Each structure stands twice: as C-alpha cells, then as structure tokens.
Amino acid sequence: MSSETGPVVVDPTLRRRIEPHEFDAFFDQGELRKETCLLYEIRWGGRHNIWRHTGQNTSRHVEINFIEKFTSERYFYPSTRCSIVWFLSWSPCGECSKAITEFLSGHPNVTLFIYAARLYHHTDQRNRQGLRDLISRGVTIRIMTEQEYCYCWRNFVNYPPSNEVYWPRYPNLWMRLYALELYCIHLGLPPCLKIKRRHQYPLTFFRLNLQSCHYQRIPPHILWATGFI
C-alpha cells in the first residue's frame, strides 16, 4: 500500500472502504451518535488471506445484519475453523449479545474478537450482563486503542494521499475510562463511569464515581492510569 497515493487502486477492498469523515464521525469516542458502524475481517481455516467489509445499522442492529449475512451467503461445515474480528463504534446491546451467543453456539469453531470504541448504554444491566455472557462464551472484548484506530484507518478507510498514518484526535484518557468500565463489567461491579452530553455545547463530559467495591477489587495501577486517582 503506497503512502503517496492512498489505498492502491488494485486494492480489492477499496469499494468496501468508508470515507475518512465517516470513520471520524462513527468512532469519535466523545460523540454519542445513535448509529453503529461495524468494520470486520474474516479469516477462514488456515488461510493467510483476510476478507474485509463494513456495515452499518439499518432497521436492525448491525450485529444482527452481520450474522444473517454470514449464515445466508455461504454454507460451511461446523468443523470449519473461522476467525472473525469486529471493530464496532458501539459495543453490542443485551439482545445482540444473546444473538451472538446463539450464533457461536451453532458454530463452535468460530472465534470472535470484538474491539469497541464505546460502551453502549453501559449502565443498563441487560447490556452489562450480555457482555459478561459473551466473555464467558470465549469472546475477547476490548476497548479500541490507538493501535486499533491506526489499523482500521489503514485497512478500512479510503484515506487521503500521503496520510496513511492516523492518530486519533480523541484524548487517550477516554480510551482508558471506557477500558476501566469494561473491566468493571467483567468483574460484575457496579458502573463507575458517568457520561453526560450537554446539548447546548458539543462537548461530552466523563466522570468517575468510584465506590468502595471498586477500590477493593480493581488493581491500583488500573485506577491510576485514568489520571483521576
């Protein structure tokens, strides 16, 4: 891939890439837009080639759209191994988590990795339990870091010429705060992250509300990394 011309013309994924402004709008951790964008890649069996595509919400959540598309477009034996990586602008809701769990139960040799930019309604217990169920099912769930943002930019975005390297314009602190909340979800702790959006200003405010259970069960270095301790 040439950094002088953007994605090369012969790139077979070019028509499936999204535009830079779409990537910024969907994956900005300070923007709480309702729509969800999914960037995904699939690797079949021991093959080295990776199949990439993108998707967005329609009348249904993008996770449901992916599952139906994946299961209807081709048949593969249950013994076939497949690795799927999702880069989501929002983590799955509780209902989508159930659908994902059912999908994985029917395809035991599928491995799923989820990288999310933000946590969807993270104070809703149904969503929190859904993420825990996915983790228990063996799904790896992480908050996107600079590394994932740069990877998505190079592989899913029709970036401008001479602009192959991407640096998120979002504060690294937001990533750490979402990661801390995901850690709380994994441990079954109550929410510690408060997010408010003031409609009269284009700003999103993050605040920690730590309880004694958080201090008791979360390692100090993880709390210190937020910069709030």
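Just so you know, glycine gets a Cβ as well, placed from its N, Cα and C.
Quick look at what Swiss-Prot lists:
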- Glu63: active site, proton donor (ACT_SITE)
- His61, Cys93, Cys96: Zn(2+) binding site (BINDING)
- 10-134: domain 'CMP/dCMP-type deaminase' (DOMAIN)
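You'll find the Cα of Cys93 (Zn(2+) binding site) roughly 9 Å from the Cα of the residue listed as 'active site, proton donor'. Other residues of the chain with a Cβ within 8 Å of the Cβ centroid of His61, Cys93, Cys96, the Zn(2+) site, are Thr36, Val62, Glu63, Ile64, Pro92, Gly94, Glu95, Ser97, Ala99, Tyr120. Contacts of Glu63 (active site, proton donor) defined by a Cβ separation under 8 A and a same-chain sequence distance of 6+ are given as Leu38, Leu88, Pro92, Cys96, Ala99, Ile100, in order along the sequence. Under a cutoff of 8 A between CB atoms, and with a sequence separation of 6+ in the same chain, the neighbours of His61 (Zn(2+) binding site) are Thr36, Pro92, Cys93, Glu95, Cys96. Residues belonging to the domain 'CMP/dCMP-type deaminase' (10-134) score a mean pLDDT of 89 in the model.
Most buried of the binding-site residues Cys93, Cys96, judged by other Cβ atoms within 10 Å, is Cys96. Secondary structure at the residue listed as 'active site, proton donor', as computed by DSSP, is helix. Cys93 (Zn(2+) binding site) falls outside any helix or strand according to DSSP and counts as coil.
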